[in-house]
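Enquirer: Straight out of TrEMBL:
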TRANSMEM  34-57  transmembrane segment
DOMAIN    49-148  domain 'G-protein coupled receptors family 1 profile'
TRANSMEM  69-89  transmembrane segment
TRANSMEM  109-133  transmembrane segment
Amino acid sequence: MPFNYSSIIDEGLSRDDPLFWSRPTTVNCTTVRIIGIFLCVAAFVGIVFNGTLLYSFLRYKMLRSPPNIFVMFIAVMGLLASCTILPLTGTSSVYCQWLYQRSGCQLSAIIAFLYGCSSSYLLCGASLSRCYIIVRPFQAKNVTVRNS
């Protein structure tokens, strides 16, 4: 019978204590490990697919239209997230404890926040670009990559 970590009360460890960050998770480790494996697989798939998409944009100049520039930068954000956030979270989940101490936790949170906000803003820009094309179709041809 596995040990129930949820019965552990905060042992008087502060968040400044390095032992605080090496404690195992308080939930079922099997579930957390399955999520960790999924995150590691998602990181690999994200790197492959976003890398392929970026390679296509860089290789074929005809794909670099103003609406597609937003898609290219969304792929960049996805590639960066697949290279940084998903492996950090996935490997820590596989080991059922946070492996990267307090500074790694804070850096991971800041990076995830920036990637999330950047992706949201890029999606808003892409939808505004599409809206402009639908509302003013004859003026849309004047939109260039510099004006996007």
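Quick reminder: no glycine exception, Cβ is built from N, Cα and C everywhere.
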Enquirer: Other than its close neighbours in sequence, what residues sit by the transmembrane segment (69-89), given a CB gap under 8 Å and a spacing of at least six beyond its ends?
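Expert: Answer is 36, 39-40, 42-47, 50-51, 53-54, 57, 100, 104, 108, 111-112, 115, 118-119, 122-123, 125-126, 129, 145, 148.
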Enquirer: Please list, for the domain 'G-protein coupled receptors family 1 profile' (49-148), how many residues fall into helix, strand and coil according to DSSP.
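Expert: The domain 'G-protein coupled receptors family 1 profile' (49-148) comes out at 80 helix, 1 strand, 19 coil.
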